[in-house]
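These come from TrEMBL:
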type	residues	note
COMPBIAS	825-841	compositional bias 'Polar residues'
COMPBIAS	843-852	compositional bias 'Basic and acidic residues'
DISULFID	Cys94-Cys121	disulfide bond
DOMAIN	62-123	domain 'Sushi'
DOMAIN	565-835	domain 'G-protein coupled receptors family 3 profile'
REGION	825-852	region 'Disordered'
REGION	877-933	region 'Disordered'
TRANSMEM	558-583	transmembrane segment
TRANSMEM	595-614	transmembrane segment
TRANSMEM	634-654	transmembrane segment
TRANSMEM	675-698	transmembrane segment
TRANSMEM	793-813	transmembrane segment
Amino acid sequence: IDGGIRYRGLTQEQIRNVQILPVDYEIEYICRGSRVIVGPKVRKCLPNGTWTEITQHSRCLLLCPRVSTSLENGRVALKPPGPPVEGTVLHYSCHAGFILEGRNITHCTKMGKWDSPKPVCLCKKPGTSVRGKKKLYIGALFPMSGGWPGGQACLPSAQMALDLVNNRTDILPDYELELIYYDSMCDPGESTKLLYDLLYTEPIKTVLMPGCSSVSTLVAEAARMWNLIVLSYGSSSPALSNRDRFPTFFRTHPSATLHNPTRVRLFQKWKWTKIATIQQTTEVFTSTLDDLEQRVKEAGIEISVRQSFLTDPAVAVKNLKRQDARIIVGLFYETEARKVFCEVFKEKLYGKKYVWFLIGWYADNWFKIKDPSINCTIENMTEAVEGHVTTEIVMLNPETVRGASNLTSQEFLGALMTRLGGKNPEETGGFQEAPLAYDAIWALALALNKTVAPLKAKGHRLEDFNYNNHDITAEIYRALNTSSFEGVSGHVVFDAQGSRMAMTLIEQLQGGSYKKIGYYDSSQKNLSWFGNDVWIGAGPPADSTIVIEEFRYVSQKLFAAVSVFAGLGILLGIVCLTFNIYNSNVRYIQNSQPYLNNMTAVGCMMALAAVFPLGIDGHHIHRSQFTVVCQFRLWLLGLGFSLAYGSMFTKIWWVHNLFTKKEEKKEKRKHLEPWKLYATVGVLLAIDVLSLIVWQIVDPLHITVEKFTKEAPKGDLDVLIQPLLEHCTSEKMNTWLGSPPHLVFPSHPCVHSLGMKLSSQTRHIHGSHHLSVLCMITAPVTMILSSQQDASFAFAALAIVFSVYITLVVLFVPKMRRLITRGEWQSEQQDTLKTGSSTNNNDEEKSRQLERENRELQKIIQEKEQRVSELRHQLVERQALRNRRTPSSVTNQNHSNPSPPSSQADPTSLLPPPGYPNPALDNHSPFTNSSNLYQADSKMSRNHCHNSQIPLLYK
């Protein structure tokens, strides 16, 4: 509609049919009516298939009247250069000796009209207004666009304040304030050029009023060189609160650090100890975050994740998601906030598990504004931002009070809406900061009014101000520093750093609109809470995944079952001990060393008693008592094992010596003194007790907690279960377990090995072999199962119970059975000594039986040897017969081979086969060589009982 394309040399029919145009072909853009081309007018087809200047757009725009682009007795700066079309901005200034009457800036609208009339340069004495008042000029930079377009509402607010001040007769009656302003676009680079224009063009400016923290930093740092006071209405950077760097800077906008005490107070209220941050890389946000980091550290709160971005927040948001950030503080301008929350929606970093803290000075519908830089819908954005919390400096007095301007805050809002011409406040940048700009003009006017009398007393006047007059600047500084009045934004007062002090408003986005949920006064540390905060979940979310520590305990059913077996075992031990003591005068009991058996029974009961503390854990007792249980468990197991095993080892050693020593030493062993046996047990027990004492002194037991992999419970719960298991341990546990004494981890490997050897050589004496084997099996298995409390307890406890049961049954039950079945209830005094030895009748019967078996085996061996000799003689005869049948072959063999053996057998061939004893050399008694007889018989059966070979001998 606004324009079209002209194809040179082609008719309308050709244009409709053509698909491809040749290289170097040119097309021309044309516009209709009064519109003009902005951008390339002609494009040429290139060999690579593209058009020239393809990156530059061509548009047809309405042309604003060119009459405004020139100014008599002045100059006009046109931005951007070119025809005055939509978006063009004109800056006016007058030559020396002339005063600008009217606005110094105008914009070309899309309707092809300028938004303000053309000003004029009047030839009058500088500093004199039309009404006869002397003019004082304020150089201002209002960001009408850019990251924070706050000038859209702040500029009308400041102009409204100027109109009221200039109409007041009690404030600066001889002066008129005039605003000379430019669009800084919130860009320090652009502002540098505009600041140069303000300072080096007439008239002289008395005060500078920048907006945006980045621009204010530039202006405030340079203003000291011109002795200029800087009063900002929209700068929140904490870096500006530095009197050494910015000695003449004031601001009606509180420092951004004023948000931080409020945030910390909310973190404490909702019991959060871990937060995350994401910031836009600018000085204002970096300084704010540095201050927040220091404050949360003092409050015991950790910043676990800290992300930043320059223009694209995608990577930073993904990092927040990956590191499980839950409570997130966002510091960025409004335009970047839309980019951030578009990525938040894509990463699902919102909902009942997350809380976002944002700056409160965005427009109320900032997330609903269409932004071509993002690819999220308004519905997506609304869903992502729901429930976030904002902290905002109180910029509008909540009380109905008429201040210095004689307006209440609500009357001010009504007048501002009229001045904006019905624009939607939510779509007007800086609407929330408009009261600050209004009060900034009033603060300046009141301060200048306060300086009139002091300057007059010193012979100075405000109109005499120049960039080299330090006295007037110092007087204005002093007046501003002591300012205190009621404004539409609240009570206006500056701190020592020139920053405004104010309360903080806390709001939450509920259902797409902001609701006030509280106020915080950082000076009084007072939180006023309304209690109307709303959460997507049941309440404020956790600052991280909640980890519930859950101790693992031994199964109570298993503990009860094993305890029953252990109790029955102790009862069995008591019965055996009682039986042994009651029948201690019976010869059969006396011959089996009853005192050693008693000690074995006591040791077994102590070992069984250790099963109870072995299964006691935090389910039964407090953790502080667990160490005592560990000690009790160790001592019971150690001493019980040492007493039981030491007694059995001593008994086996005695019996072994009795049955394996030579005849002349047997008589000495028969009447061994009992104290020697008891001394042996005492030495073993003393070594174990000493080892335990040294262990507990050098490296005492203590509690350690083993952590397992976190487990997720069933259901949509934001929690994890952290299984824990308590262990009794010491610093060098493995070293101590290799030395005395423990049942599960055997104490004396050498004694164990020796005991097993003696037991194997004296198999008719029962009681220790099974115990050693069980201990050695249980040790490694229990170490492997240490992380499985039920399996570890069951294996160790059952090993103890099983070993004790076997020991008691094998040691005592045969004695009970014999005494009951044979009725041998006679004492040593009532019975005569039948064998003259300390061995029992059962052992003598076994010895006689072994002798009979030995004689029978000797007879069998002799018969076998005789049979072998006969077979060898037959084999020699058979060979001789074959030699006679083949004399020729034998003759040849005689020439090449040695002579055949004679028919008489070699004496060595008559020796018994390998593995058979030589009867001529066997001088030992049958009893003492009973083990060798068994061995020979086994070898005979392997080497000479192959029936498959017998037919070959007679073939």
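Positions of Cβ are set from backbone N, Cα and C atoms, glycine also.
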The transmembrane segment (793-813) touching the transmembrane segment (675-698) per 3+ Cβ pairs under 8 Å rule:
no
Restricting to the domain 'G-protein coupled receptors family 3 profile' (565-835), report the mean pLDDT as a whole number.
70
Chain residues outside the transmembrane segment (595-614) and at least six past its termini with a C-beta under 8 angstroms from it:
562-563, 566, 569-570, 573-574, 576-577, 580-581, 629-630, 632-633, 636-637, 639-648, 650-651, 674, 677-678, 681, 743, 767, 793, 796-797, 800-801, 803-804, 807-808, 811-812
For the transmembrane segment (558-583), could you work out the same-chain residues 6 or more beyond its ends whose Cβ comes under 8 Å from its Cβ atoms?
589, 594, 597-598, 601-602, 604-605, 608-609, 611-612, 615, 790, 793-794, 797-798, 800-801, 804-805, 808, 811-812, 815-816, 819, 825
Here are the disulfide-bonded residues: Cys94, Cys121. Which has the lowest count of other Cβ atoms within 10 Å?
Cys121
Give the residue counts of the compositional bias 'Basic and acidic residues' (843-852) per reduced DSSP state, in the order helix, strand, coil.
10 helix, 0 strand, 0 coil
DSSP-assigned states of the domain 'Sushi' (62-123) in counts, ordered helix, strand, coil:
4 helix, 26 strand, 32 coil
